[in-house]
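Quick look at what Swiss-Prot annotates:
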- 1-21: signal peptide (SIGNAL)
- C34-C54: disulfide bond (DISULFID)
- C40-C59: disulfide bond (DISULFID)
- C44-C61: disulfide bond (DISULFID)
- C49-C64: disulfide bond (DISULFID)
- Y62: site 'Aromatic residue of the functional dyad' (SITE)
- C64: cysteine amide (MOD_RES)
Amino acid sequence: MKTSCLLTILLLSFLVAVAVAEGERSARAAAISCVGSPECPPKCRAQGCKNGKCMNRKCKCYYCG
């Protein structure tokens, strides 16, 4: 019983850490302003992402990692 409880706590801690890291990565990418979608892919690639498009005058970067 104690082992399964410990494993559950470790799993939840890992998931929280991953969620926080993804949120920070998204916040960095969201700071890129744009006017049209053609200007986003190069800016997103410079951030380490594979693609991006302009949404609400901010670049939305995809496949970051």
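Our numbering is plain: 1 for the first residue shown, then up by one each step along the chain.
Just so it is clear, glycine is given a Cβ too, placed from its N, Cα and C backbone atoms.
Structure with Swiss-Prot features highlighted.
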| residue | record | DSSP (3 states) |
| --- | --- | --- |
| C34 | disulfide bond | coil |
| C40 | disulfide bond | helix |
| C49 | disulfide bond | strand |
| C54 | disulfide bond | strand |
| C59 | disulfide bond | strand |
| C64 | disulfide bond | strand |
All-chain count of other Cβ atoms within 10 Å of C59 (disulfide bond): 23
Cα separation, C49 (disulfide bond) to Y62 (site 'Aromatic residue of the functional dyad') (Å, whole number): 6
List, in sequence order, those disulfide-bonded residues among C34, C40, C49, C54 whose Cα sits within 10 Å of the Cα of C61 (disulfide bond). C40, C49, C54
Alpha-carbon distance [C59 (disulfide bond); C34 (disulfide bond)] in Å: 6
Can you figure out which of C40, C44, C54 (the disulfide-bonded residues) comes closest in space to C64 (disulfide bond), comparing Cα atoms? C44
State the Cα to Cα distance, in Å, between C49 (disulfide bond) and C40 (disulfide bond), rounded to an integer. 11
Cα-Cα, whole number of Å: C44 (disulfide bond) versus C59 (disulfide bond)? 8
List, in sequence order, the same-chain residues at least six positions removed whose CB sits under 8 Å from that of C54 (disulfide bond)? C34, V35, G36, S37, E39, C40, K60
State which of the following disulfide-bonded residues has the fewest other Cβ atoms within 10 Å around its Cβ: C49, C61. C49
